[in-house]
């Protein structure tokens with residue numbers, strides 16, 4: 001299976017399966033001289049960890065990270081950094097009943113069609129548990145970006161048709177962790193919680209939209225034409241399990257606008273070139289403009305639901321029915337926020353190294 005490595009100069013390779021012994025990541029390309037510790041990684045993993053609230057799976061995992069290489073006396077050495085998290089609460093027997101019946105909305109059938117074999121225990125490699133490696137690698141990318149004034153804020157913009165009101169970057173940072181749904185509009189968050197609770201009782205699930213806002217990205221970041229910054233952000237977010245759509249700036253609303261409405265007029269402000277609005281989402285021609293990068297990912301409802309669904313028996317080749325039991329998230333967006341932030345951080349770190357905005361030698365000065 002190829003496709004487990006992401007990035008060019010700042011690269012990650014994730015490994016492991018949902019019910020295997022462990023999951024992890026190898027980070028390659030982090031410059032020498034960046035101070036970090038397991039606590040820096042753990043802080044991000046704790047945000048993604050299951051079993052923390054009524055909107056996440058009851059699977060109980062400590063998700064304690066172990067750093068195996070690439071660090072000496074609390075500082076990166078420039079060599080590959082390997083990180084590991086042990087799986088401790090996998091209940092593989094719960095999946096025996098679906099061994100021969102692909103779950104609607106899951107990758108069971110497509111993995112079998114592609115490889116002729118699949119790990120049916122929790123989805124194996126296609127499980128969202130793979131994203132632990134992304135979050136661990138993204139934690140290092142965030143630390144690197146913070147040295148250059150780049151900050152990322154992710155939040156649940158919409159859940160089950162309930163949309164948050166517009167909030168400032170600082171308001172999002174202040175409020176996003178105050179509620180299990182990670183919606184910075186606390187009034188909308190209460191309605192979202194009620195929606196999730198109702199659907200969970202019905203044996204159903206709900207999707208939503210995760211929004212990412214990035215401040216401090218310099219103008220001139222990106223590599224046209226096939227390595228456009230927005231194209232790489234799209235790939236990064238679309239690679240997350242359950243993401244079915246991506247937009248940046250005005251996004252799909254741009255298709256309904258006139259040019260006079262869509263265009264962002266340039267102007268001088270305190271001696272700097274800026275724009276009076278930001279429909280482009282901080283990127284023009286695949287290159288950053290210096291304005292905030294604003295993008296969103298559409299997340300489908302959790303496919304594992306208690307309702308009876310149609311499927312087929314792979315052994316008998318006959319139609320049958322399936323009802324998913326076990327421990328599953330009733331909604332994905334809240335736990336996806338730190339994953340999405342990590343992927344954005346990985347893209348930006350990679351591009352800043354490629355474009356020369358980060359000089360690997362200066363970290364040691």
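Just so it is clear, glycine is given a Cβ too, placed from its N, Cα and C backbone atoms.
Region 'Disordered' is the annotation Swiss-Prot gives to one range among 41-62, 63-84, and that range is 41-62. Summarised by DSSP class, the composition of the compositional bias 'Basic and acidic residues' (41-51) is 8 helix, 0 strand, 3 coil.
The list of residues near the compositional bias 'Basic and acidic residues' (41-51) in space but at least 6 beyond its ends in sequence, with Cβ under 8 angstroms from a Cβ of it, reads 57-65, 67, 83, 85, 131-132, 135-136, 138-140, 142, 177, 329, 335, 337-339, 342. When the alpha carbons of residue 304 (FMN binding site) and residue 48 (NADP(+) binding site) are compared, the span between them is 19 angstrom. Each residue contributes its Cα atom, and for residue 300 (FMN binding site) and residue 48 (NADP(+) binding site) those atoms are 18 Å apart. Within the group of binding-site residues (48, 125, 300), the Cβ with the highest number of other Cβ atoms inside 10 Å belongs to 48.
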